[in-house]
Every structure is written in structure tokens, then in C-alpha cells.
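Below: the structure, in C-alpha cells.
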Amino acid sequence: MDNKESFLLECYKLGIIKFGKFTLKSGIESPFYVDLRPLASDPKILKKLSSYLLELISTTDFDIICGVPYAALPMATAMSLQSELPLIIKRKEAKTYGTKKLIEGIFSTGQNCLLVEDVITSGKSLLETIPEIENEGISVSDIVVVLDRQQGGKELLEEKGFKVHSLFNITEVCEILRNNNLISEEEITRINDFLTGNEVNFEVEKHLTYEQKLEKTNNSFAKKILEIAIEKKSNLIASADVLTTKELLDFAEKVGPNIVALKTHIDIITDFDFDETILPLKELSKNYNFLLMEDRKFADIGNTQELQFANGIYKISFWADLVTSQVIGGETSLDCFLNVGVIAILGMSSKGTLTNSDYRENALKIALSHPNVIGGVSQNKIPEDLLLFTPGVNLENSGDGKGQQYNTPEYVFKNLQTDFIIVGRGIYKAENIEKASLDYKIAGWNSYLTGNK
Ligand code: S5P
């Protein structure tokens, strides 16, 4: 992924572009809406943006810099700080008292001003702004723009003799979002139709609710987790990546009321003892009504997996309601999992994972062909016949320095249409575990409700 692409993805996460049906200032209905103002609230992003914008031009060609109010003001300020081009400020309206100035700051006649704009649409607002600057004896030859909506504005200004340097256009943005599975084909079609002047079909695909999924499934483990979700108004799975039986049981007690399932890596419990660890855990799962999901990620031939599933000290088949399994062993490797809901690992959240789109597609075929598979773990959308479980969720961090990559609950429900979020350190490392689990429960549930409106 090149730097510009990953930069755009960082910006996208701040919610700068939305897809749906939006009425623009002109009254036109647009399938996307861009608002770059949130960029200014993230100083690191604003700094990077400023560097990218400055790369589009040669600063020595200009004497001063000015942002079109308001969205471009912080951008122009950041560019001024970085390039040392002096900033002038253009008011939206002239003051009605005092100096009645429209342009504030220090400038002199004949200076060449670099104009900064966030989004260019028809170009009309720039064509109104430029004469107001030129009236002060300042010349404008170049405009840098973060995003060109490709609605003729750039061409119009270029016809009038201005050089327009844009960092992204909407086609590039869609391409990057498509490569990262963040935009659907329908949304792309709507945008293309909009840009080429064709009629836009705004009908949106509806996602199935938990109730509808419950009605559709025949798998008893899928039914169970959906019933719990509906009853507890939760789609939260807490990952109990702790090291002792005491910690595990304490954790289960604290998060129990807020979760649909507790995910374990049972082989990291240093003092594991079936009676001491599993029996009380099972009791807690009954009392608080949550499932036990053993994240064993089986990855062997069917026969070995069968042995690993039922034997050894962990005897997973005796207590787990759900297990995760890789599908690397191929078609029949999942047949050994009986009386358990299988969650297939289709795509991983870690940086550089080998689960590329080819792998995911083949893994999905295997998952879909097995009635014991209730869903998949993935960072990408999957068909609604399977439940989607998404780890790599954290409200505070974007990574852990060890390859984990995080998204927010809002992001995964909106963009991946996930069904269940899996949260580990966001909860078990929190100072107040009960509160953290409640916060994630609420964030997950609200994001689900928003996505199903
Ligand atoms: O792709 C994956 C699949 C899984 S199951 N990425 C993951 O992080 N997981 C698991 O989810 C991982 O093994 C860990 O138990 C949990 C995420 O923990 P966190 O602390 O990063 O939230």
C-alpha cells in the first residue's frame, strides 16, 4: 500500500466521506457527502495533509498563502507553519464596523497568493473568492485542493487560467476504498452514475437484523448466540487473554452481564485444571447467559483436529459452545467438529496477514459448504448466510506495536456489517473492567442499530 493510500484510509476513519443520499446546497441529491473539517481535529493527520499539499506545488512561486473559509483555514495555517509562507485570512463577510477589511494579515500589492481549498465541486465559490482577493491587489495563479469531486469545478477554473492542484479526486478515493473493501459495488455504481449525469438508483440494500438471521438459521449454536444477542442487547464477545484460572474467572464474572460469549485461549492458562478452571467457568456462563468460545484456531488435518478437539488436558469438545478453526486443512478438515458451532478464520486482523482475497474467497467456499460452520472471523464483508465475527476492535488504539490493527465498533458495523465484535485488551486491560465491557456493549449495540436503520 503506498503512503498516499494509507493516508487516505486514516482520513477515511475520521468520517470525512459518507455514502448514502445527501441533498447538496444546490438541491441536487448526491450519493456521497464529503466533509473534511474533522481532519483539523487530528493534529498528526493535519500535519501530514499539509505536507502532501505542499508537495503539489513549489513554495518559491508564492509570497503568501490563504485558505478559503472555513474548512481550509486550518489547512492553510498548517501549510504556512511548515513552509513559512506568510498566512493571510480571508473573511467570509467584511466587518460592518472598524476597518471593514475583507482580507486580514500583512500583505502588499503584487504578491502572489497560493489559495487552499478543501473540496472543489462546481468551482463557483472559488470564482467568488478569487476576485475578492485580487481586489486587494494580490494575484492568484494556483489553487491547491484536497479533493476534487469531479463535477466540473477544476475544469472551469483551468479554463479561466488558474492552475488547480488536487491531492485526490473522487474516482481515486473510490478505487482505494474498493481495494480495501470499504465501499460496495452499488455505492460505486451510484457515484459513477452521479458523475456521468445518469439517473442514480438510491435504493439501499437492507441488512438482516439479528431476529431475521435467527429465523433463517437452522444451526442451534447460531440460534443460541443470536437469541442471547437479542435478549441482552449485546453483540460483544470479550476475549479473556489472561494467564491464570483466577483471572479468567474474575474476568468472566465482571464481563458476564454484558457479553454474548467469552472467548478463551485456554492453552495460555498456566494453572489449568479441568475441574478448577472449566467447571466454574461453565457455571458462570450459565448464570450470566453467555457462550464459551475457544479460540483454538485448529490448523491441521481432520484426524489430528479431531484428536485435539476432544483430548489432551483441555478436552475442548466437552465444554466449548463455539470453536475457531483455520480452513488451511481444506474441504474435509472441518467435518470433525460435532456438537459445536464452528467459526472459520477467513481473514486475520494482523499486519501482513497471508489471508489475501484469493485465500478468503476459497476459505469462504469451504465455510459455506459446512453446516457446522456458523460464521467467520474476518476483516472483510462476508455473505449474510454466515455470521461475521470481527476482532481487532478498540475504542482507543489503532494498533499494539505487534502487528494488531484496530478499528472502532462504529467502523466495523458500518463498513463490514459485522455481527459480533471481539474485544480483548480494550476490556481486560481497562482499569474498570465492568465499565469497559459496558462501554463496548453499548458502542457495539448502537453501531448495530445505526447500521440497520
Ligand atoms: O484475525 C484475528 C483473529 C482473532 S480470533 N485477530 C485477532 O486478534 N484474533 C483474536 O482476537 C486474538 O487472538 C485475540 O485473542 C483477540 C484480540 O485481542 P485484542 O487484545 O487485540 O483486542
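Backbone N, Cα and C atoms are what each Cβ position is placed from, and that goes for glycine too.
Features of the protein shown, as given by TrEMBL:
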ACT_SITE  D295  active site, for OMPdecase activity
ACT_SITE  K297  active site, for OMPdecase activity
ACT_SITE  D300  active site, for OMPdecase activity
BINDING   K25, R91, K92, K95, E117, D118, V119, I120, T121, S122, G123, K124, S125  5-phospho-alpha-D-ribose 1-diphosphate binding site
BINDING   T121, R149  orotate binding site
BINDING   D241, K263, S349, Q404, G424, R425  substrate binding site
DOMAIN    235-440  domain 'Orotidine 5'-phosphate decarboxylase'
I'd like the number of other C-beta atoms within 10 A of the C-beta of G123 (5-phospho-alpha-D-ribose 1-diphosphate binding site), please.
24
For substrate, what surrounds D241, K263, S349, Q404, G424, R425 with a Cβ no more than 8 Å from their Cβ centroid?
S239, P391, G392, I422, V423
Distance-selected recorded positions near ligand 1 (C-beta under 6 Å), from K25, G123, D295, Q404:
D295, Q404
S125 (5-phospho-alpha-D-ribose 1-diphosphate binding site) versus D295 (active site, for OMPdecase activity) - Cα distance in angstrom:
55
With an 8 Å cut-off on Cβ-Cβ distance and a minimum sequence separation of at least 6, pull the same-chain contacts of Q404 (substrate binding site), or say none.
S349, S350, K351, G392
My understanding is the cutoff is Cβ-Cβ under 8 Å with a sequence separation of 6 or more in the same chain; which residues meet that for G424 (substrate binding site)?
A238, S239, D241, K263, P391
Which one is it, among the binding-site residues K25, E117, V119, T121, that lies nearest to D300 (active site, for OMPdecase activity) by Cα separation?
V119
Can you give the largest Cα to Cα distance in Å, as a whole number, for the residues D241, K263, S349, Q404, G424, R425 that bind substrate in the record?
17
Restricting the comparison to the recorded positions R149, K297, R425, which residue's C-alpha is spatially nearest the C-alpha of G123 (5-phospho-alpha-D-ribose 1-diphosphate binding site)?
R149
Listed recorded positions (K25, R149, K297, R425), ranked by Cβ neighbours within 10 Å, top entry:
R149
Closest of the recorded positions to V119 (5-phospho-alpha-D-ribose 1-diphosphate binding site), Cα to Cα, picking from R149, K297, R425?
R149
